[in-house]
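Feature annotation from TrEMBL assigns compositional bias 'Polar residues' to 523-541. The domain 'Major facilitator superfamily (MFS) profile' feature in TrEMBL is assigned to 50-497. Taken from TrEMBL, the feature region 'Disordered' applies to 503-541. Taken from TrEMBL, the feature transmembrane segment applies to 49-65, 119-138, 147-166, 242-260, 346-368, 404-424, 436-457, 469-492.
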Amino acid sequence: MCAPKVSNHRTREMAENRERTGHVLVWEQAEMATDEGIMPPKKFGSRHYIVFMLFLGMANAYVMRTNMSVAIVAMVNQTAIEKENELLDDECPDTDYGDDNKDDDQDGEFIWSTSMQGYILSSFFYGYVITQIPFGLLAKRYGAMRFLGWGMLINSVFAFVVPVAARQGGAGWLIAVRFIQGLGEGPIVPCTHAMLAKWIPPNERSRVGSIVYSGAQFGTVISMPLSGLLADHGFDGGWPSIFYVFGIIGTVWSIAFLLTCHEDPVSHPSIREDEKKYIQQSLWGNASVHIPPIPWMNIAKSLPFYAILLAHLGQNYGYETLMTELPTYMKQVLRFSIKTNGVLSALPYLAMWLFSIVVGWVADWMLTSGRFNHTWTRKISNSIGQYGPAIALIVASYTGCSRALTVAILTIGVGLNGGIYAGFKINHLDITPRYAGVLMAFTNCSANLAGLLAPIAAGNIIEGKPTIAQWRIVFVIAACVYLFTATFYNVFASGARQFWDDPANDEPQKPSIEAPNGDAPNGNGTTTATLTHRTVNEQQS
């Protein structure tokens, strides 16, 4: 892409900015890349390896999160539980396929009521939510890589304890272990965001963000059928093998991540020089410069931040409705459950995974082509990701007794939802690369809490009367949440770096005295000598 012409006054201003601060402004990146000949290295580089490991980490996290929902079916003695009378709607005819009778024949080891099973399944979630913001703040101060690696190692190691806790301590100990696993997984999203901010140039963020966060769907696609297979044919009674196998995989990944990945390009000992220069100059030096205190007041008054926050809230509410309530609707009203078919249950996740990667590549093409800026690219991608599911929910509420059509709409709606990864999900990195992890911690924590409202609202609306008309209310409410939050995002979102994250406005750092035994480390895992050396080089160039 050809860089626009720059006036002599603008050229002098850019030079003065670089000479004064050692930083390159984000809106100067196109001119800088052309003037200095800095182009993206073509070879597989260190940043690509980081992306690959973060993708596997995200997949690992969602495997750990979802495997209990499959395992608990095999753990519980279904025939020993006094079942409540299940309410079914008689508007649709019976079907001779897709029922859940085979689940009733399974006799597991534990006699846990439905409510107790709910406590067990939700215990992981509560541990996960309460660590979002603390780890986001800690990652900003001390670096993200080790928190992510050690957190996932704790999550994986405690997976080995799940069978022992259930058999020796019962439901109480199992809830405690799952809660600890949730605590360990807390850093995954904010720390991943923080690392992407340090490693990925702006024009690569759409596809990279989509690839990394689509690991959630990939992990779910892998976890559901494999967990079912292990529950039926695994060792030590079947269901324990789910936690042993995935525990081993998670432990291996965590150790490999801690040993082979690095916080940023500056601290990487073997990164190619051309790739390091490309990343540093593209990122305005944010991977290694001093990061000042978080500008809380400016963030609190930032409409682009609230646009991301509301989009995230709407996403989690709508997604929980799509993935949690539609299967219930199909069972209560349509007398058909996709949970009995491994292919159908994984199909929506597979569609979302594939579509999110496609949208990510298209979004980066939109940016590099010069036809769209970051703001329009994010808004278009997010519109696909949230308006699409909203329409699908409304249509699904009017499909009547058509089972095949409902499954198709579910798959299309969840598939289109993949557009969010090139939309609001990566938008934190655009508006504030240096504080992206902190902002993601706040929005992700809030959004997960909002996701709890979906089953609560649905339960209250359909309680005692699971008719098509009542379910239509559930779907329309979720669609309206999608529509409102997506529209708010389209009005107030921005893809431009905000003024309160402008290194040119930072207060000058006081020169540090080098430690006798070498470089004095700063809070970002880099050294004062490294920073001084880099600043001098930039001033000379």
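Just so you know, glycine gets a Cβ as well, placed from its N, Cα and C.
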For this session: Flag the pair the transmembrane segment (49-65) / the transmembrane segment (242-260) as in contact if three or more Cβ pairs fall under 8 Å (sequence separation 6 or more).
Result: yes
For this session: Go through 147-166, 242-260, 404-424, 436-457 and flag the stretch with the largest number of C-beta pairs under 8 Å relative to the transmembrane segment (346-368).
Result: 404-424
Exercise. Residues of the same chain, at least six outside the transmembrane segment (242-260), with any C-beta under 8 angstroms of its C-beta?
Worked result: 49, 53, 56-57, 60, 63-64, 67, 70-71, 145-146, 148-150, 152-153, 155-157, 159-160, 162-163, 223, 226-227, 230-231, 234-236
Exercise. Taking every residue in the domain 'Major facilitator superfamily (MFS) profile' (50-497), what is their average pLDDT?
Worked result: 83
Problem set entry | Beyond the flanks of the transmembrane segment (147-166) by 6 or more, those residues with Cβ under 8 Å of it | 57, 60-61, 64, 68, 75, 109-110, 135, 138-139, 173-174, 176-178, 180-181, 183-188, 191-192, 195, 236, 239-240, 243-244, 246-247, 249-251, 253-255, 257-258, 261
